[in-house]
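Q: First the structure, then my questions, so here it is.
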Amino acid sequence: MMWCKTVIVLLATVGFISAEVHLQENFDSENWEDTWIYSKHPNKEFGKFVLTPGTFFNDAEADKGIQTSQDARFYAASRKFDGFSNEDKPLVVQFSVKHEQNIDCGGGYVKLFDCSLDQTDMHGESPYEIMFGPDICGPGTKKVHVIFSYKGKNHLISKDIRCKDDVYTHFYTLIVRPDNTYEVLIDNEKVESGNLEDDWDFLAPKKIKDPSATKPDDWDDKATIPDPDDKKPEDWDKAEHIPDPDATKPEDWDDEMDGEWEPPMIDNPEFKGEWQPKQLDNPNYKGAWEHPEIANPEYVADDKLYLRKEICTLGFDLWQVKSGTIFDNVLITDDVELAAKIAGEVKTTQAGEKKMKEAQDEVQRKKDEEEAKKASDKDDEDEDDDDEEKDESKQDKDQSEHDEL
């Protein structure tokens, strides 16, 4: 059985070696800007990223990431790595986002580019291969973008994936497989999955309505018809409004000056509205007519929808109204298990962040209470001083009046 064990070990080793990490950026060095390039695209007011774990964290060193630092700014920075193709392999894109500022409007996504990108000129119109991650703007937009470029056009996912909108760290993971399936995970939990062809409009529809088909003239699609024997009651028609029988002409009404007096109108309690005959089941009803479909001559299958022939740059290209978002734990790989292992640490990170933030909030609460008490005490002192001044003023007045006597 020794040979069997050896083969298993070798196969495991081969499987391990075949997995590739194309980019892993944890921002664990003060020199991170040596490998990241800021865009200098003209006519854009770009903000700067700063290295920090934020104001609350689990581990001051391990939780360091790059944070947007200026309000109402575009942010554009990218990192290049060895180009690769995901042909016949899974593609995993993963990173963490922490909207520490309680974001109101701003992007939190990444873009993957091919090797033609000029990093110093990266901007919103630069062609990209994939755009993935959260985007928030007001209560109406809290979504996860999953956008693929296909034949020169960007295609958005047809499903609505809600992103996290709290102030803690969250991992976003996109997995694209060679069988043209995908998964989106948040904090290692699947929030959406499916087939690329079904959930994006890459291809023309397989079937279209037959242009030569029309609904037959004798097709009856009315489920009910009026009862021919039902007749409107003779006393049905009543006026909708009638003169108020309780109204009387005001005593000061002058017919010559005010014209002929007419009582105000009120709703008629006997008004029944427009009469409608009872409905009967239509014996000739055939159901809703469905337009027949035919194969779409413009449909062309593509079993390589998943394929990105060349990826070699990851960039943050976004706008934020209120800065403070921290990006970290960037990973591009074909190793699904590695990504899951890294994202699996998020619960520990979140627990540490919540513990520190709750402690900070409690300190702030006590501080606010103390300041409110001081302000209240000062108001009371000011009122006492005012009362004393009034008493002294009254005494002075009384004394003055006494002296005059």
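Glycine residues also receive a Cβ, built from the backbone N, Cα and C atoms like all the rest.
The model shown is predicted, which means the values in this text are computed figures rather than measured ones.
The alpha-D-glucoside binding site annotation in TrEMBL covers TYR109, LYS111, TYR128, ASP135, ASP317. According to TrEMBL, the compositional bias 'Basic and acidic residues' annotation covers 207-251, 352-377, 391-405. The feature disulfide bond is assigned by TrEMBL to CYS105-CYS137. Feature annotation from TrEMBL assigns region 'Disordered' to 207-273, 349-405. According to TrEMBL, the signal peptide annotation covers 1-19.
Tell me about the setting of these features in this model.
A: Of all Cβ atoms in the shown protein chains, 26 besides its own fall within 10 Å of the Cβ of LYS111 (alpha-D-glucoside binding site).
Long-range contacts of the compositional bias 'Basic and acidic residues' (207-251) within the same chain: residues 261-268, 270-272, 275-282, 284-289, 291-296, 299, each at least 6 residues beyond the stretch ends and with a Cβ under 8 Å from a Cβ of the stretch.
Long-range contacts of the compositional bias 'Basic and acidic residues' (352-377) within the same chain: residues 55-59, 63, 98, 167-169, each at least 6 residues beyond the stretch ends and with a Cβ under 8 Å from a Cβ of the stretch.
When secondary structure is read from DSSP and collapsed to three states, CYS137 (disulfide bond) falls in the strand class. Residues within less than 8 Å, Cβ to Cβ, of CYS137 (disulfide bond) and separated from it by at least 6 positions along the same chain comprise ASP104, CYS105, GLY106.
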Q: Please list the DSSP helix, strand and coil residue counts for the compositional bias 'Basic and acidic residues' (207-251).
A: 0 helix, 9 strand, 36 coil
Q: When a 10 Å sphere is centred on the Cβ of TYR128 (alpha-D-glucoside binding site), how many other Cβ atoms does it contain?
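A: Excluding its own Cβ, the number within 10 Å is 22.
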Q: State the count of C-beta atoms found within 10 angstroms of the C-beta of TYR109 (alpha-D-glucoside binding site), not counting that atom itself.
A: 22
Q: Between ASP135, ASP317, which of the binding-site residues has its C-beta surrounded by the fewest other C-beta atoms within 10 Å?
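A: Least crowded of the binding-site residues ASP135, ASP317, by Cβ count within 10 Å, is ASP135.
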Q: Using the Cβ center of TYR109, LYS111, TYR128, ASP135, ASP317 as the alpha-D-glucoside site position, which other residues in that chain lie within 8 Å, going by their Cβ?
A: GLY107, VAL110, MET131, PHE132, GLY133, HIS145, ILE147, GLY315, PHE316, LEU318
